[in-house]
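*Asks:* Here's a structure for you.
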């Protein structure tokens, strides 16, 4: 007899067990149905949320203003996949210029601040700035003074045959006065700048003078004679304004232009000097005295850079030694045989330099010259600027710390600065991620690059010194305003030069911004290892805390990423990264050059792809990095906004905002600009960004979705 658990059960005894199993199966089926229903319901709920509660339209006043700006500047009838530049920038009356429009808006803001009534402490920086501005705007007083204040200055320089008796003074004495007291540098320029080589300590640098007739393109050589004739006409007009008869004025103008032409023949293009390794010469004052003896270098430089203590063993950086040698020989020859020609050249040049502070007759003569030169060079005429804009620019040049403080208080408050710094931090993090993924960079170079990025300084809004009114007041103690506007102007010129010298004499010289805080231009300073983003740039339509994040990342974020990539530009130069995979790097750079060369350009463009290569690389990398940062942000944070009535998703709005920054007419571009023409600054980076084609659904093979792309950053 077996064990009890082995006994068989009858059919009747097995019935409850089978019923129990069927019931369990039914329960599982019911549970599965319920779970499927729950999942389906959840999916529908999430679909509803994302469809109806996804990106919300931003309808605040700042967003509606931005919307109006976008609608007015773009041409929505253009297919974005074939011409995104026109889609974003081509308004009905021509291509809009975002940088120029914002620049003018910032100046208008300064104008309103300077026109507003206020009471200032006696002798404060604000009081002197407002007094100078009001003096500049007092055109009745300037017209009443006429050429009297200018003739008085000419008499201090020994006079001139045109304005009265001429007493031939010591040449170097006159030259010292011209440069140190009146800001006119007829034969060379001298300035303090960081040394071009590390550790970038401040050093006096000597460079060519600036000429109105400087030729930049081969086509200008054909109209050289016409340019000279226009310049003679201008100088002749200056002479008659100073009281000369037409024949005498013509003679002095001819003498001056002959001397100018001979100096001009000694100039060499910067690219040529660089190719011949002649752009930087380190010499002592003594050595320069031997090479160019017509100039008393020690006394002249001492006068310019007072209160610096100089001696004959002081080192200088000379940028064109051959020019200085030839200039010295020409001056010596002129002092022996054509002394009056040199005096005419120096005096007429001084009048030209001081024309912004003279009455309208002098300013109109200057303006007509510029317009004629632009016409001969096939460039569009300059628009007529109102008097208030000129006075704002002059006040800003001389009283920058004071106007910077006013502008920042008005346009770049703590909340805006905090939002801008937060954006910069996210862009910087995206750059770090990029550096870690580069295929052509070595591990050692990667560590160096990351360390360099970690040590980077950043300044936003305005220099820290600029917002301290007590410092500004001390800096303006030496300014004496009046009795004439010309005298006020010259007092400010001398004060500004003295402040520049003093800043370099500090034990730890602070970084002097290369741009005013209201300017629309960011930059990277190699000598200070610092990126600077002025308050004037971080304004609508480029940036605002209340904008959709897509706008801020696409516009300001791309600019920030662009400047951060300039930190590593040396890696892209030949021999700049010996530890890198140079084959992969060079292939990427060649790809980039071919990529830009493939785009059609208007016939008026003189684009040189190799000349703009580094900026093109920063443009392409800047957009990619900013988009990477934005994509990360949109995943990690909810509540995305977009602009109504544009029919653009947040990702599409990112690219639209980037293009908006680049809106500019081709004719407004400087021939020496290291950037590509505006349309290429849009099409080049966006066509190299697969996400653009993805989000705008561009068919393969269209302009903005090419079959091949370049991989650099």
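Backbone N, Cα and C atoms are what each Cβ position is placed from, and that goes for glycine too.
Heads up, here are the entries from Swiss-Prot:
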TRANSMEM  29-48  transmembrane segment
TOPO_DOM  49-713  topological domain 'Extracellular'
CARBOHYD  75  N-linked glycosylation site
CARBOHYD  93  N-linked glycosylation site
CARBOHYD  106  N-linked glycosylation site
CARBOHYD  161  N-linked glycosylation site
CARBOHYD  165  N-linked glycosylation site
CARBOHYD  311  N-linked glycosylation site
CARBOHYD  326  N-linked glycosylation site
ACT_SITE  563  active site
CARBOHYD  608  N-linked glycosylation site
ACT_SITE  619  active site, proton donor
*Asks:* Taking only the recorded positions 161, 311, 326, 563, 619, which one has a CA atom nearest to the CA atom of residue 106 (N-linked glycosylation site)?
*Replies:* 563
*Asks:* Out of these active-site residues, 563, 619, which one has the fewest other C-beta atoms within 10 Å of its own C-beta?
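*Replies:* Per-residue Cβ counts within 10 Å for the active-site residues 563, 619 bottom out at 563.
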*Asks:* How many other Cβ atoms sit within 10 Å of the Cβ of residue 326 (N-linked glycosylation site)?
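*Replies:* The answer is 17 other Cβ atoms.
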*Asks:* Check residue 311 (N-linked glycosylation site) against DSSP and tell me helix, strand or coil, would you?
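*Replies:* DSSP call for residue 311 (N-linked glycosylation site): coil, neither helix nor strand.
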*Asks:* Quick check on the glycosylation sites 75, 106, 161, 165: which one has the highest count of other Cβ atoms within 10 Å of its Cβ?
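*Replies:* Compared across 75, 106, 161, 165, the most Cβ atoms within 10 Å surround 106.
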*Asks:* Quick one: Cα separation, residue 165 (N-linked glycosylation site) versus residue 75 (N-linked glycosylation site), in Å?
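*Replies:* So the alpha carbons of residue 165 (N-linked glycosylation site) and residue 75 (N-linked glycosylation site) sit roughly 65 Å from each other.
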*Asks:* Among the recorded positions 75, 161, 311, 619, whose Cα is within 10 A of the Cα of residue 563 (active site)?
*Replies:* 619
*Asks:* Could you please provide the mean pLDDT value for the topological domain 'Extracellular' (49-713)?
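*Replies:* The predicted confidence over the topological domain 'Extracellular' (49-713), as a mean pLDDT, is 90.
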*Asks:* Give me the CA-CA distance between residue 311 (N-linked glycosylation site) and residue 619 (active site, proton donor), in Å, as a whole number.
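*Replies:* Cα-Cα distance, residue 311 (N-linked glycosylation site) to residue 619 (active site, proton donor): 46 Å.
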*Asks:* Please give me the CB contact count at 10 A for residue 311 (N-linked glycosylation site), counting all chains in the structure.
*Replies:* 10
*Asks:* Measuring Cα to Cα, how far is residue 75 (N-linked glycosylation site) from residue 326 (N-linked glycosylation site) in Å?
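*Replies:* On Cα coordinates alone, these residues lie 55 Å apart.
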